[in-house]
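Notes follow once the structure below has been shown.
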Amino acid sequence: MHPAISVIFFTVTSGAGFGLIALTGLGFPFGGGALSVFLFCLLGGGLAVAGLIASTFHLGHPERAWRAFSQWRSSWLSREGVAAVATLSLFAIYALIWMMTGDRLLWLGLIVAAGAAYTVFATSMIYAQLKTVPQWRSRWTPAVYLAFSLASGWLLAAGFGDLPGAGIWGAVLLALAWGIKLMWWRRAADARLAGSASSPESATGLGFIGKVRLLERPHTGANYLTREMVHQIGRKHAGILRRLAVLFGAIVPLMVSATVWLTAAPEWVLLAAALSLFAGLFAERWLFFAEAEHSVSLYYGNR
Amino acid sequence: MTCLPTSTEKRLGLVIDLDTCVGCHACVVNCKEWNTGGYGAPLADIDAYGEEPSGAWLNRVHTFEVTPVAAPAQIVHFPKSCLHCDDAPCVTVCPTGASYKRSEDGIVLVDEDMCIGCGLCAWACPYGAREMDPVAKVMKKCTLCVDRIYNEEIPEIDRIPACVRTCPSSARHFGDFNDPESNVSILTMARGGYDLMPEMATRPVNKYLPPRPKTNPAAQGCASHSTPTVSAPGGFLGWLDAALERLG
């Protein structure tokens with residue numbers, strides 16, 4: 001699949017933003033006055049909103065994006081939009097009450113946290129629902145999105161907040177997220193299109209005669225389908241990208257978290273871990289798209 | 001509404017006969033011609049006369065080579081357009097309601113004024129039936145020529161999809177699959193029409209008719225034809241042959 005930069009940016013940034021929003025709603029300890037509360041909440045909301053805005057860049061008609069709130073009964077993309085706007089609205093009320101009165105309403109915070117988790121889940125289901133991409137169609141896909149959302153949100157919350165020992169918990173959550181991602185990669189290696197129920201024989205129905213091979217594409221040039229779904233250039237550097245993802249997404253932030261815990265360094269150093277994780281997640285998300293194989297490839301002589 | 005109808009009154013669709021398709025691409029061209037001037041925005045091309053032409057097409061003909069275990073390979077031309085699935089995954093994923101399946105005749109359509117061009121429907125389609133228009137930036141797909149089949153302004157003989165009307169080898173047939181007496185139902189029954197990628201559980205309306213079995217030259221004992229035997233010519237040719245032989 002074609003890795004669209006806007007969608008990669010959206011899933012990473014919104015994931016972190018909603019992770020931070022969820023942890024705030026759950027009452028992550030945070031000292032400081034109204035201004036720092038405002039800035040803290042602005043970061044969570046801002047990341048989520050920046051991601052949502054970026055996601056409209058890959059639309060043919062961004063000016064019609066509001067229409068996407070209408071089909072929540074059948075469409076995960078629509079559900080995601082509705083959940084994101086509802087969660088952000090409730091979070092704004094939560095933040096406003098917190099700033100004005102200093103009270104953090106637990107019941108409202110819990111609803112906000114549930115909404116944030118559901119939003120990230122809905123994002124992941126946009127991909128996990130597709131039968132056409134066997135590597136995505138798995139329960140591990142929502143698990144990966146939720147785990148990385150929580151880990152990146154935690155590192156941000158820990159960097160700004162006041163939870164003693166938050167660094168070690170950040171390391172635990174990050175290790176858990178990468179454990180899930182390794183399981184996802186392992187499953188994806190076994191869920192290639194070549195090993196699925198679909199083949200050039202089932203795609204054409206000609207398997208009863210013999211082995212099927214594409215002789216000629218419909219047109220000599222590329223088309224929307226080959227650019228979007230038979231995209232292979234993104235896979236060229238898969239090996240190095242996977243190593244970069246693990247280096248910046250796992251090893252560096254884990255070392256930073258461990259250092260903060262062992263040396264009692266100030267918690268804001270964890271923000272360096274968060275930034276490194278973002279860089280690693282960009283590589284991880286790039287591969288999520290670039291390595292995915294779509295069944296339409298079978299009509300174009302590729303896998 | 002992107003929820004699918006539980007059933008449709010008619011199930012209009014195509015039967016495509018892989019036995020008679022000659023791969024001439026006339027259906028591809030006539031589809032493009034009709035749909036660039038008919039329903040919705042024109043079906044655009046980019047760099048149509050340049051080095052890298054690219055554009056949106058609703059119907060494309062692929063060509064496959066099929067190799068049996070113990071017989072020569074055969075070529076099968078394979079036209080592919082939207083199959084108007086009963087369980088169309090492209091419809092349910094649409095966030096705006098632009099994609100829908102009509103309850104009266106089962107045609108899957110895109111309301112181009114509501115389409116945001118997110119491309120998720122094209123991702124959800126296993127068959128590659130949907131293509132983004134490079135100029136209008138909305139999703140394009142086969143409409144089953146909805147602006148021909150009900151059009152009383154054109155002669156009755158033309159009230160079938162453009163691809164069916166133009167096919168010179170009668171490889172494409174149009175009709176209602178809900179009617180057991182229709183041409184498409186009878187053809188499907190008689191020739192063993194099948195679904196593409198049944199494992200995707202999309203329940204396509206369109207059916208493909210398999211190529212008829214080929215005669216195997218080896219099994220028929222005709223292999224000797226491949227090595228022509230030369231016998232000495234007689235008559236005028238024999239005289240000429242001998243005369244030239246002497247000169248040489």
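Cβ coordinates are placed from backbone N, Cα and C, and glycine is handled just like the others.
Record features, source TrEMBL:
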type: TRANSMEM; residues: A:7-28; note: transmembrane segment
type: TRANSMEM; residues: A:34-60; note: transmembrane segment
type: TRANSMEM; residues: A:81-100; note: transmembrane segment
type: TRANSMEM; residues: A:106-128; note: transmembrane segment
type: TRANSMEM; residues: A:140-160; note: transmembrane segment
type: TRANSMEM; residues: A:166-184; note: transmembrane segment
type: TRANSMEM; residues: A:244-262; note: transmembrane segment
type: TRANSMEM; residues: A:268-288; note: transmembrane segment
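Below 8 angstroms of C-beta separation, residues 11-12, 15-24, 28, 30, 40, 43-44, 117, 120-121, 123-125, 127-128, 166-167, 169-170, 173-174, 176-177, 180-181, 183-184, 187, 253, 257, 267-271, 273-274, 277-278, 281, 284 of the same chain, each at least six residues beyond the ends of the transmembrane segment (A:140-160), sit close to that stretch. Scored on C-beta pairs under 8 angstroms, the neighbour of the transmembrane segment (A:81-100) with the top count among A:7-28, A:166-184, A:268-288 is A:7-28. Same-chain neighbours of the transmembrane segment (A:166-184): 138, 140-141, 143-144, 147-148, 150-151, 154-155, 157-158, 246, 249-250, 253-254, 256-258, 260-261, 267, 270, 273, 277, 284, counting only residues six or more beyond its ends whose CB sits under 8 Å from a CB of the stretch.
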